[in-house]
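Trainee: Here's a structure for you.
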């Protein structure tokens, strides 16, 4: 709905000299306007005199009264001076109007071209009277059906038509009906849209086609002989039955209203209290990757629920039961899950059964045997560094000869690798262990293919030998006497 100043029309100033609106040819004229000072009894008496004595209709009589400014005496005196225009419609006029209306519809200007002696006002007036009283079929169709029935049915139908001469009369004026209206008789008059002739025609059809045109009550309505007898037994029986039905209808409406109130109350309770009982909606998706928070939650779940992997998966939210089992198997050493499980068992007062231990061992074996592209942290921690193996025999035990310990403590290196034994070397040609220990300071990590440099006594001024003796590995811990004497001298010189 458009409301506001912007939707209001702008009215220009009044100009008395402007003659914008002119009289039109077919413009309407006001013929009656009610006046409160005239009583209804006098108005009815005036209309009756105008109709009976002077042949005026109601509209013409009221127009005369309105012309004399609602003065009844002047209107009664002026009624004989005018002859009312006869507004009669013959059968030919009605047929032409129906044809014109079927062609042009409500275009009364075009209908007037086919009926030039009729004004547009009379055409409009007749249209509304014809619209109310016309039947489903037009006048021409009814006449054609009558002729067809006469031709088919023969003399019997002709006799029926002769007994009812009003069948062919289609005029709106009926002297019998007018007499009944003016006499105000209390006899009930059965009126219908199809008229008397149509009713007789229907009765004739019903007589010949009784099964085809049987009337049935509307849908949902049932008639029984007992009800008809009960209604027709007394004049007040129908009112009594209707009153009982009204009481039943009122009680049913009351029940419907009570049911609506109960339903509305239940709906209010549901809207107010159902939110508390709704489970929280989780939109988390299953993810195979474990974050730090999820790992901590899993450890706490083992501490609280033990091996109830379903409960642990529900606590985490985005992990399945199988993923929780794999976590327990793969991370049991890293997070010390065995001790956590033992603490839970101690609290519960139960101990793990042998069946659980066997199943856990099978799971660990299957997890270790299945090749996977990913290595867990537990497997990385399980790998410990191993000492490199020596190609030759194990070195002899260190002798009691005092050696400087500061470099050994600072370097903290493994013993050097020795050269493999020569097959043709004599057993007496061996290298003393102290010299081998000294070579450790000169070259901490000799390679396998590179022999140690020749040993030179620090206090001796003698030149070194041109051909140094090759280093041989000791066999059995025995050394030649000459080397022992040299070693003894070197030890005494060091002291």
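Heads up, the Cβ atoms here are built off N, Cα and C, so glycines get one too.
Okay, so Swiss-Prot annotates it like this:
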- 1-83: domain 'ELM2' (DOMAIN)
- 20: SUMO2 cross-link (CROSSLNK)
- 84-135: domain 'SANT 1' (DOMAIN)
- 156: phosphoserine (MOD_RES)
- 162-184: compositional bias 'Basic and acidic residues' (COMPBIAS)
- 171: phosphoserine (MOD_RES)
- 193: SUMO2 cross-link (CROSSLNK)
- 205-217: compositional bias 'Basic residues' (COMPBIAS)
- 237-273: coiled coil (COILED)
- 285: SUMO2 cross-link (CROSSLNK)
- 285-336: domain 'SANT 2' (DOMAIN)
- 348-357: compositional bias 'Polar residues' (COMPBIAS)
- 376: phosphothreonine (MOD_RES)
- 393-405: compositional bias 'Pro residues' (COMPBIAS)
- 419-428: compositional bias 'Low complexity' (COMPBIAS)
- 445: asymmetric dimethylarginine (MOD_RES)
- 457: asymmetric dimethylarginine (MOD_RES)
- 475-495: compositional bias 'Polar residues' (COMPBIAS)
Trainee: How many other Cβ atoms sit within 10 Å of the Cβ of residue 285 (SUMO2 cross-link)?
Mentor: 7
Trainee: In the same chain, which residue numbers or ranges, 6 or more beyond the ends of the coiled coil (237-273), come under 8 angstroms Cβ to Cβ?
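Mentor: Distal contacts: 227, 230-231.
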Trainee: For the domain 'ELM2' (1-83), give the DSSP counts of helix residues, strand residues and coil residues.
Mentor: 38 helix, 0 strand, 45 coil
Trainee: Helix, strand, coil: count each for the residues of the domain 'SANT 2' (285-336), based on DSSP.
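Mentor: For the domain 'SANT 2' (285-336), the helix, strand and coil counts are 32 helix, 0 strand, 20 coil.
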Trainee: Over the domain 'ELM2' (1-83), what is the model's average pLDDT?
Mentor: 81
